[in-house]
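One structure is given here, and the rest of the page talks about it.
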Amino acid sequence: MAQYHLSAQLRGHEDDVRGICICGDAGIATSSRDRTVRFWTQHPEKKHEYVLSKTLVGHSSFVGPLAWIPPSDRFPEGGLVSGGMDTLVLLWDLHKGEVVETMKGHTSQVTGLAVDNNGDIISSSMDCTVRRWRNGSVVEVWEAHKVAVQTVLMLPSGELFTGSSDSTIKFWKGRTCLHTFTGHADTVRCLAQMPGLGILSASHDGTIKVWALTGQPLLEMIGHTSLVYSVDAHSSGVIVSGSEDRSAKIWKDGICVQSIEHPGCIWGAKFLENGDIVTACSDGIVRIWTTDNNRFCSDEELAAFTDLISQYILSRKTVGGLKLSDLPGIEALQVPGNSDGQTLIVREGDNGVAYSWNSKELKWDKIGEVVDGPGDAAAAPGQFHDGVRYDFVFNVDIGDGEPMRKLPYNRSDDPYAVADKWLLKENLPLTYRQQVVEFILQNSGQNNFVPDPSFRDPYTGANAYVPGQSASSTVSAPKPTFKHIPKNGMLTFETAQFEGILKKLSEFNATLSSNLEQKELSLSEIELSRLAAIAKVLKETSFYHTSKLADADMTLLLKMLKSWPTQMMFPVIDFLRMFVLHPDGATLLLKAIESGNDVLAETFHKVVTPPVQPPNVLTTLKAVTNLFDKPCLHQWLRIHGMEIIDSVSSCKTTFSKNAHLAYSTLLLNYAVLSIESKDEQSQAQILSAALEIAEDDTQVADSKYRALVAIGSLMLNGLVKSIALDLDVKSVANTARASKDSKIAEVGADIELLTR
């Protein structure tokens, strides 16, 4: 069949393009990590080109799935539905460019959208549910899978399908599952209609499958080398798929007939009615591909794209564990070496070449071309250790809090002899031998190594251990180490300006006293004096083990929290923040809650009810964060956790810099608590909220750092690693690693290590 060529490039998004929606003859809609939806229409003169018509701004985090609503009386130019990381489903009037319905209900990222023939909107989410919306309100909700729902598909004939991280596809009639399709080995990421046959599925297992509506697998397409994110079919029977491996592949009758390389992963790929293909790439550009030579792009644009691909490949190429693009050019050989035998690697074309300094002849002698070793994780090939050059110098973590050990190794060495000598040198038990040998073989790419049968252990006289034979073991294989995760213990806001708090309370009390209608809400002089006495107790933290707070102190705070006007609450909440850090304060608060006087919940509801007062939000965030310091209040935090995170998230537009930091601290504490309680649903919600912060370029470093620590901790010790991978945490980690802030870069490296 005819080959696809570049037709047009649509530039406008400022980050990854995540979704594509073909809007009939009206145009193309795209969604992005830049939080926008953009609508493109055909160029009035150059019909194969598209121009940006509208930019729709309304989501607070990256936007994913899109759905098209054809023109009608309500929407003269059509409507769009969008779903985001912010858990919202938004309905847009394309003519006005405005949101006309905001659908709230999901507790995690919205992953899929469909529009029913009756106008209902169907949405799927990482929260495991599918929801049906009518006129902006949810009319049906059900748990479609036990783990994240990744995609939803509704056929024109009304059949509904969902794909999930549990690797299955479910066929629904209403809320009843008629059939479960099994066959994929990993997350089902995308579903599409296969005209005349049934449906298509794309999976993280690297395959695309064609299914009959009965659930019978008809065809499997294998060719991608990484996760497949998107799939679509044309009425002609041609299929396109997009993958993490940076290619869009064209399939005909189950055979890959073309692979189109991109300068980034392909999040989406869709057919236009005329057979052209639209791709969404992580470089932020939407591209259109065609087989019609009348719609080919100019030679200049094609040459620029070809050069872009070449530069991208070059930028990612490594030699000897080093990025080729970071190597000096051959001009570096004009500078004399410092010592005889000094090694220098320079870039020559697309290769790295090693030179050695010859101090006698005062010149660089060429050693040869440098290549990467088969393994990548624990070693950098061609390193020095104790002044000697080795093929590998491994970092070995033996656990138990021991420091990292260096293990040098050459491919020509006998790994068993190296392991034995190294164990003796490091004063480690020989029972570690099996793990060390297997670690060496795996990371040096010598899994097919055959030991010399004549080899004798120089210390025991026995033959070397051969992989596959049983052997006793007392330790696990070497494991990666992390600098910043997991987080243990809780963070608190322990400093307070009590003089300022008391002054503001006194001012507000005077205002109440001078108002005849509110005078009864004010405190007496005795009560004001008692507040000052409580503050003195709270300031003297070194005496917390002996100082006491009384029931009357809690009653005084309750009075103010329950009766004072909302705009005057922030100094009272700030006082409560410090009150709960005292052992008696936490006990008294719990006692009030257990007696049916849940002042915490009441206060929280007041604070998040519009119109929101920013000072109240900040002090409440800090106060709730401090509750984590007292285990007796953990049950209350668990019960109200999802509500707290949801409600606070809706107030984010009012946040100050300090409020953002308090919110990320709250999420980090909740991450620790949810890990301890093994609460997967809470972990998923916290992960989603933390990812929003991590992806927000406007966040201060400390806020982003705490969100990243929460993400890493949940992935390492929680139950949501697979969900994090589905949410493209790898991209978040890579961005963090490139940060100029050392802490963010380091925790980004920790998370990246977990994605391998």
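Backbone N, Cα and C atoms are what each Cβ position is placed from, and that goes for glycine too.
TrEMBL does not curate its annotations; it predicts them automatically.
Per TrEMBL, the features are:
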REPEAT    10-40  repeat 'WD'
REPEAT    56-102  repeat 'WD'
REPEAT    103-133  repeat 'WD'
REPEAT    142-173  repeat 'WD'
REPEAT    181-221  repeat 'WD'
REPEAT    221-252  repeat 'WD'
DOMAIN    356-454  domain 'PFU'
DOMAIN    483-754  domain 'PUL'
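Packing against the repeat 'WD' (221-252) from elsewhere in the chain are residues 1, 4, 186-187, 189-196, 200-204, 206-210, 258-271, 275, 277, 279-280, 289: each is 6 or more residues past its ends and has a CB under 8 Å from a CB in it. Residue counts for the repeat 'WD' (10-40) by DSSP state, with H, G and I taken as helix and E and B as strand, are 0 helix, 20 strand, 11 coil. For the repeat 'WD' (181-221), the model gives a mean pLDDT of 94.
Sorting the repeat 'WD' (221-252) by DSSP state (H, G, I as helix; E, B as strand; all else coil) yields 0 helix, 19 strand, 13 coil. Counting residues of the repeat 'WD' (142-173) by DSSP class, helix then strand then coil, yields 0 helix, 18 strand, 14 coil.
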